[in-house]
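Novice: For reference, TrEMBL lists these features for the protein:
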DOMAIN    258-351  domain 'Transglutaminase-like'
ACT_SITE  Cys266  active site
ACT_SITE  His325  active site
ACT_SITE  Asp348  active site
BINDING   Asn388, Asp390, Glu440, Glu445  Ca(2+) binding site
Amino acid sequence: AFPECSLKVTGVDFLKSENTRQHHTDGYNIKNLVVRRGQPFKVQVSLSRELRAADKLSLCFSIGENPVKNRGSLLSLKPEREDFNGWKMSVVKKNGNECLLSVTSLPNAPVGKYNLHVKTATNIYKPENGVIYLLFNPWCEDDVVYMANEAHRKEYVLNDTGYIYVGSAYSIYDRPWNYGQFEEFILDACMYLLDKSKLSLADRRDPANVSRAMSALVNANDDNGVLLGSWSGNYVSGTSPMDWIGSVTILQKYYKTKKPVRYGQCWVFAGVLNTVMRCLGVPSRCVSTFEAAHDTEENLRVDVYLNEKGEKLNSLSFDSVWNFHVWNDVWMKRTDVPEGFDGWQAIDSTPQEQSQGLFRCGPCPVKAVREGDVYLPYDSKFVYAEVNADRVYWVVKKVNGKDKYFKVGTETQSIGKNISTKAVGQNRREDITREYKYPEGSKEERKSMQRAYSFIRPSGMVPRSGYASSNVHALGGNTQPSIPKEPVSKSGLHLEITNTDALQPGNPLEMAITVKTSTPGNWTIDLTGSCQLQYYTGKVQANLGTIKETIKLEGTSEMQIPLKIAPDVYMKTLSSLEDEVLILVTAIAEVKETNDKLTKETSMSFEYPPITVQMPETAKLYNDFTCALIFKNKLNVTLENCKLLVEGLGMFKMTTFDQGDIMPGRIMKSEITCTPTRLGEKKIVAKLISNQIKGISTEKAITITE
């Protein structure tokens, strides 16, 4: 053939705006084409002359370091012929020297970055920005991450903001969080993690493998992953976990430095993992469990040790109950386990326990937790214990100079409460406890527990921590997996712990323990009560005060015993800690006549005055608007070293403003100028931090129009 007739490619148009609209990827802030698997996308190829029947034209897609045809890392697509890897290409239309092609990848194609080259008989053309990003596709019925409901896809894949629920079962509150999966460099950071995971191409097809790998890579343990966890209370060499309001800064910094970012705690790990999974196209949600057990021995029991004043002791237990713990659920069909376990799968990137040698957790089918099928991969025993363990209280007393342990209570229903996530399409908390557990005391719950207990051998009633059992009083050495029941007391003894006034820093903490009896008779009750400050991980930071009373009750009656802590007892501790603390009240009641014992604890959060946001309800694209953040210090204590953190995705880059000290009664007003660069509903998220208060959050939405 004469050279002038040989076919050459002169250009490739990736038709970005049309493709990304159809693939729901138009949000990604990136030059390259981003598409989802199993769905056709179009490319327009410009040629040196018209395409003829005899011409050779092929699109070559390659992935990874050294692409090979037979491994599926090199795909060569010819018109109307299915590649042996299952991808298809067809000519949609020819118009002079222009040729419109349609490419369909497999619904289980490996996700990642593909290089595109266009080949003719004599020529290879490498287009500019020729790297195509291929993601999971919840819109494609044949993809294992398929989600049928459009509102659910909007929330769990496309929503880039949300709330993470924290606090305690007694007082749950929401923390706004910017996931920001579409922001600059976030997709690249996720692709870097995917490469770093060393998953084989075959493993990149399956979201179960990908989500397990990401749960390992979001923490820095083992693999120099994204976030270094720290609960030390000293964060000078990094950013305090309380000082983040979203994942964007963290992932951008990690991608730039390739070094772990300091520091994270559970909600930060969950926020970042949620960003990563949504960014890769796997439906994902942050899940908060209140009173979550960290059961290191998988014996479904957490022991709590108290001294004789009723104060919780830190040192004796390896196990702990966290006031809240946040992990993630990801949505997929599981092809690696028996049928019936599709849907939500729990994954957790907070480094708590190793799983097969690495700090990672999941995916564990949420249905397996509910049904008690705790033999299923991955880590279902650990997740089951987090929401189902029993709590056993022991008082440590010195007897003849030796520590002896007395059991003062067992709770079988206090762990795994109020399991929460953000509701679909609404700014409110949705309780999803029922997805994780059957109702307490129901027939199904009994069955599920019996099933779980056949796979986990709970220990007999002996205090753990390696104390010799000769010190243990009145305990059966029963190792049969009998399911513990809550002891029923003869006096119908019941305890309630409440606050009787708002718990505001700088004010006295006013609480009460209510003792109730409900059966006929005269009862003499010894009540021991204590108040402490603790981290959300259950670690005690300060003892604030105790009470001891003997009260008499008759029949069905109750008595309220006040517990009051003066401000000067706790304010110094509060100001010196870097973490947020909760107020822990523990009560032990012993009925003299029957020897019934009951222990109850309640954790409460401090209450803060709000930040208000003033800005218009709508704004036009690229037209600046002013946003004012206003805070009035209604507390009677000066807030020292105040910092205001503000971020608005697509409007305002994350910025920290120093506000100095804010005296009681004073008003802080901060004005910022926002430039909206994207359409739709956008949010401003703000947080105020000081020595005394570790975080008052707020957010407000604005609609951006053309």
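For all residues, glycine too, the Cβ spot is worked out from N, Cα and C.
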Novice: Name, in the order they occur in the sequence, the residues of the same chain whose CB lies under 8 A from the CB of Glu440 (Ca(2+) binding site) and which sit 6 or more residues away.
Specialist: Gln413
Novice: Consider the active-site residues Cys266, His325, Asp348 and say which one has the Cα lying nearest the Cα of Asp390 (Ca(2+) binding site).
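Specialist: Ranked by Cα distance from Asp390 (Ca(2+) binding site), first place goes to His325.
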Novice: Could you work out which of the recorded positions (Asp348, Asp390, Glu445) has its C-beta surrounded by the smallest number of other C-beta atoms within 10 A?
Specialist: Glu445
Novice: Write out the long-range same-chain contacts of Asn388 (Ca(2+) binding site), meaning residues 6 or more apart in sequence whose Cβ is under 8 Å from its Cβ.
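Specialist: Set apart from Asn388 (Ca(2+) binding site) by at least 6 residues yet with Cβ under 8 Å, we have Ala293, Leu300, Val369, Ile415, Gly416, Lys437, Met449, Ala452.
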Novice: Out of His325, Asp348, Glu445, point to the one nearest Cys266 (active site) in space (Cα versus Cα); all of them are recorded positions in the record.
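Specialist: That would be His325, nearest by Cα distance.
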Novice: Taking only the Cα atoms, work out how far Asp348 (active site) lies from Glu445 (Ca(2+) binding site), in Å, as a whole number.
Specialist: 24
Novice: Measure from the CA atom of Glu445 (Ca(2+) binding site) to the CA atom of His325 (active site) and give the result in Å, rounded to a whole number.
Specialist: 23
Novice: Report the residues of the chain - excluding Asn388, Asp390, Glu440, Glu445 - with C-beta within 8 Å of the mean position of the site's C-beta atoms, for the recorded Ca(2+) site, in sequence order.
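Specialist: Leaving out the recorded residues gives Thr412, Gln413, Ile415, Gly416, Lys437, Met449.
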Novice: So how many other Cβ atoms are close to Cys266 (active site), meaning within 10 Å of its Cβ?
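Specialist: I count 26 other Cβ atoms within 10 Å of it.
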Novice: In the predicted model, what is the mean pLDDT computed over the domain 'Transglutaminase-like' (258-351)?
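Specialist: Averaged over the domain 'Transglutaminase-like' (258-351), per-residue pLDDT gives 95.
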